[in-house]
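In TrEMBL this protein carries:
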DOMAIN    2-154  domain 'Glyceraldehyde 3-phosphate dehydrogenase NAD(P) binding'
BINDING   R11, I12, S122, N318  NAD(+) binding site
ACT_SITE  C154  active site, nucleophile
SITE      H181  site 'Activates thiol group during catalysis'
Amino acid sequence: MLRVAINGYGRIGRSVLRALYENGYRDHLQVVAINELSDIETMSYLTRYDTTHGRFPKPVNTRNNSLLIGDDEIHCFHCETPDLLAWDALNVDMVLECSGSFSEREGAQNYLDAGVPRLLLSQPAAADVDATIVFGFNQHQVTAEHSIVSAASCTTNCLIPVLDTIKAFAGVEHGVAQTIHSAMNDQPVIDGYNPKDLRLTRSALSSIIPVNTGLSRGIARLMPELEGKIGCNAVRVPTLNVSAIDLVLRTENAVTKEEINQQLQQAATLKYAGLLGFTNEPHASVDFNHDPRSVIIDGTQTHVIDGRMVKLLCWFDNEWGYANRMLDVAKHWADVIIR
Ligand SMILES: NC(=O)c1ccc[n+]([C@@H]2O[C@H](COP(=O)([O-])OP(=O)(O)OC[C@H]3O[C@@H](n4cnc5c(N)ncnc54)[C@H](OP(=O)(O)O)[C@@H]3O)[C@@H](O)[C@H]2O)c1
């Protein structure tokens, strides 16, 4: 069993720990340490109670500076620079880096220097990391020799299974993807300063706010043949969780709405079973809260115009789906190492 640590115990870090206990990953991975800037009492409180996902599925207690979950003791640290932590003394095999602070090999290298043999990043990374993995699409590319791997973004995890399915059936010439993303912790509740981005100074409660997105680059990293072919925008909306991508594609071959929906439905039961879902029910975004799949196609919103312009609505739980994919990649990587 691999010994794992979580760095950054925010929305994704906490979702990862919860999914570990809720969805059976604990049989394969053990979280032995968490590093988070906040204090142990607040970490414990936010583990037990979560406005978005509800109460933690197991009793959570504290002892000194540890979280106790059932029989598991998780040592907690509060250190901003990972190289100052004695990871090797903890015998950590892999750090799940969920702070958002390290996306380049140079910063991530601090972990390796501090005795962490493997790092899985919860965000897209610079091109010099060892691999970027979208589970279900290219996890076979992870090797035992890799040390820094990215689990891509929640939006890349949402789109790649859809693009893969449509490409295989009808080919993709080009397209546009509009992400409609729920609020995140880098936005203020009411207007406040942000040193990096003027749009992130505006209240998350009151507006639809355009934000930067690296989704085009994320797609090209996984599917180099689509480099420069999918234009992407993103807006944040005042909801707590669950996002959508409005995807418009120009296909190489003529298709019908029925054929596209049928192909996606088939992918939901075969190649992407458990990762891609399909529904014909009349849904609102909140219906997908706590849904572990990477993407759910809303078949009621599929359009095909003039045979080759395909429009799809793709739902995803940006927190829970992504946390489960991170654990899928971690578990797969662990299997490769142990094999
Ligand atoms: N939320 C999503 O939907 C989502 C989905 C996929 C990927 N991601 C990615 O996951 C990363 C984290 O996002 P998030 O939404 O979880 O953000 P978040 O809620 O702000 O969590 C980040 C946590 O990391 C802590 N932190 C910051 N610097 C640290 C450091 N040097 N060492 C240890 N802990 C540190 C922060 O502590 P303090 O708050 O105490 O400063 C905070 O608790 C980002 O890269 C994001 O792009 C997010």
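Keep in mind that glycine also has a Cβ here, set from the backbone N, Cα and C atoms.
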Binding-site residues compared (S122, N318) - highest count of Cβ atoms within 10 Å: S122
Cβ within 8 Å of the mean position of the Cβ atoms of R11, I12, S122, N318: remaining residues of the chain near NAD(+): G10, G13, S15, C98, C154, E319, Y322, A323
Neighbour tally for I12 (NAD(+) binding site), based on other Cβ positions within 10 Å of its Cβ: 26
Other CB atoms within 10 A, centred on H181 (site 'Activates thiol group during catalysis'): 22
Euclidean distance between Cα atoms of C154 (active site, nucleophile) and I12 (NAD(+) binding site), Å: 11
Proximal but sequence-remote residues of the same chain as C154 (active site, nucleophile) (Cβ under 8 Å, at least 6 apart): S243, F316, N318, E319, G321, Y322
Chain-internal residues, separated by at least six, CB under 8 A from R11 (NAD(+) binding site): M184, N185, E319
H181 (site 'Activates thiol group during catalysis') and S122 (NAD(+) binding site), Cα-Cα, nearest whole angstrom: 17
Arithmetic mean of per-residue pLDDT over the domain 'Glyceraldehyde 3-phosphate dehydrogenase NAD(P) binding' (2-154): 94
Collapsed DSSP category at I12 (NAD(+) binding site): helix
